[in-house]
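Worksheet for the structure shown next.
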Amino acid sequence: MDSFQPLFEQLFGSEWGVSLFLLAKNLLLILAIIIPLLLAVAYLTFAERKIIAFMQVRVGPNRVTFFGIPWLGGWGQPIADAVKAIMKEIIIPTGANKFLFLLAPILAITPALAAWAVVPFSPELVLADINAALLYILAMTSLGVYGVIIAGWASNSKYAFLGAMRSAAQVISYELAMGFALVCVLMMSSSLNLGDIVAGQQGGSFLNWYMIPLFPMFLVYFISGVAETNRLPFDVAEGESEIVAGFHVDYSGMAFTIFFLAEYANMILVATLASIMFLGGWLPPVDIIPFNLIPGVVWLLLKIAIMLFFFLWFRATFPRYRYDQIMRLGWKVFIPITLIWIVLLGAVMQLPEAALQSFPLNLWF
């Protein structure tokens, strides 16, 4: 791609050419992330419907196909759903704040997409390789709740407002638990750079992955990620049987679809971060032939798919928790466990070098 830089310099001059080339390069890299992500979101909805249908002994979507090919039945369903959503009218309720009503979906989707700027798919395949990547992701994922709160308030509906308040309290509660769980990863890797975190898990086998010594933190992080994305069994922000549809009860058409995209993009982000920080990222489970011949991106995508399967499995299996049960789990279970684990991990890391070299501590320190 850098071979096009002289062409830009010839067309626009030395100074402008370099600036325009860098701008075009970054825009192409952004599109190279966003377009596959949106396709992944679309087909994650298809996978969800097929997997849950299988668990409930149903068929699932099997009609919409490409070019009439029978064995592709159902694979065109996400495209059909997207076209239908685009063609639907966006109805703004009477008494709603029109500007904020339309701004809320944008505020929800923007952080969900912006967080991917620092996510590495391999040592070379990353848009922005910054040293504070983990801090940046925590900041971006925290901003998504503003779109939900504004949507609930701008709708001028008590059901939407209740859903927004539930979502805000839930995100604040589980954001703390997620942050404390990631502090343990930071302590073990001594870095906020996601590439360095993966490099710290190298060692020849899955026994060096942070999931082994930090297994309780892995569970806390993943369950908190499910709660933060408002997925079952933590979907009290929507709560169809309680508050109709929560914060997006009055949304329709593309505005509703953007909320939908943000939720599924956040699901993929949580699964990706769990794979990078606890499951070795793009590292193979065993560094021997034939495992190390498979590209690292394939290993990362496989781990992400496994994590996403658990998201879908939870939806088909568990009933919705009550709101008070969700708050109790976050504040009285997860946060105390993470704080205790941080203290224990810090104490272990202060042991003498001889103790750290004994089995099994020598696997992890």
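Residue numbers in this text run from 1 along the chain shown.
The backbone N, Cα and C atoms fix where each Cβ goes, glycine too.
The transmembrane segment annotation in Swiss-Prot covers 27-47 (among others).
Beyond its flanks by at least six residues, the transmembrane segment (99-119) meets 30, 33-34, 37, 90, 92-93, 126-130, 133, 136-137, 140-144, 146-148, 150-151, 153-155, 194, 250-251, 255-256, 258-259, 261-262, 265-266, 269, 272-273, 276 of its own chain at Cβ-Cβ distances under 8 Å. The annotation transmembrane segment is assigned in Swiss-Prot to 99-119 (among others).
Distant neighbours of the transmembrane segment (133-153): 97, 100-101, 103-112, 114-115, 117-119, 160-165, 167-168, 171-172, 175, 178-179, 182, 185-186, 192-194, 197, 228, 237, 246-248, 251, 259, 262, 266, 269, 273; these residues of the same chain sit at least 6 beyond its ends, with a Cβ under 8 Å from one of its Cβ atoms. Taken from Swiss-Prot, the feature transmembrane segment applies to 133-153 (among others), supported by sequence analysis.
Outside the transmembrane segment (168-188) by six or more residues, the chain places 134, 138, 141-142, 144-145, 148-149, 197, 200, 210, 213-214, 217-218, 220-221, 224-225, 227-228, 230, 234, 236-237, 277-278, 326-327, 330-331, 334-335, 338-339, 341-342, 345-346, 349, 364-365 with a CB less than 8 A from a CB of the stretch. Positions annotated as transmembrane segment by Swiss-Prot: 168-188 (among others).
Annotation source Swiss-Prot lists transmembrane segment at 206-226 (among others).
As annotated by Swiss-Prot, transmembrane segment applies to 268-288 (among others). For the transmembrane segment (268-288), same-chain residues at least 6 beyond its ends with a Cβ under 8 Å from one of its own Cβ atoms are 37, 40-41, 44, 112, 115-116, 119-123, 137, 141, 182, 185, 194, 197-198, 201-202, 204-206, 208-211, 214, 217-218, 221-222, 225-226, 228-229, 294, 296-297, 299-300, 303-304, 307-308, 311.
Listed by sequence, the residues of this chain that lie at least six past the ends of the transmembrane segment (294-314) yet keep a Cβ under 8 A from its Cβ atoms are 44, 47-48, 51-52, 55, 121-123, 125, 222, 226, 229, 231-233, 267-268, 270-272, 274-276, 279-285. As annotated by Swiss-Prot, transmembrane segment applies to 294-314 (among others), with the evidence given as sequence analysis.
Sequence-distant contacts of the transmembrane segment (329-349), counting only residues of its own chain at least 6 positions beyond either end whose CB sits under 8 Å from a CB of the stretch, comprise 170, 173-174, 176-177, 180-181, 183-184, 187-188, 214, 216-217, 220, 223-224, 227, 321, 361, 365. As annotated by Swiss-Prot, transmembrane segment applies to 329-349 (among others), with the evidence given as sequence analysis.
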